[in-house]
Amino acid sequence: MGERGESLLFLQPSEIDYLQDLEKHGVSLVEYPLVKVLDSFPMSAHKNNIKKSVFIDLHPWIMCLQKALESFISSKPKMEELAKRAFCSWVRAYTAHRGDLKRIFMVKKLHLGHVAKSFALKQQPSLVGKSFQNQTKKRKRFEKKNGSSKTRKVARSVK
């Protein structure tokens, strides 16, 4: 932390304004077109069949990787549970950006189905969300029952 380095950043179209914020903070940026990067990956079985697709998610390398990840996640219940929890955690973190970045990172601008797919989840995000909401309700009931809520209780004097 706090040292120079390099990183790779993937942004959604709705997040492009974040680049201006990074540049304000002295971050130098170089754009790497994703299609060129994907085309450089080895795909010997599909090399002759590659057609320039309009949508990046139809790129043969992406489709092959997505299928393998979804198959792996769905075949192992523990991994699927971890993927669901990671998805919920990611959504919570996404909504917690600091003030001036909230206008860029808005959950309402995202397609949560695509986000869930990036976690190799086949399940609809509303079902994942309901599962998370149910867990949150259970936790709040438990905290209320046991008095371990994180909310501050203020004593008032009655006259």
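Each residue, glycine too, has its Cβ placed from N, Cα and C.
Database features (TrEMBL):
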type: COMPBIAS; residues: 150-159; note: compositional bias 'Basic residues'
type: DOMAIN; residues: 64-129; note: domain 'ATP-dependent rRNA helicase SPB4-like C-terminal extension'
type: REGION; residues: 131-159; note: region 'Disordered'
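Per-class residue totals from DSSP over the domain 'ATP-dependent rRNA helicase SPB4-like C-terminal extension' (64-129), listed helix then strand then coil: 49 helix, 0 strand, 17 coil.
Averaged across the domain 'ATP-dependent rRNA helicase SPB4-like C-terminal extension' (64-129), pLDDT for the predicted model comes to 88.
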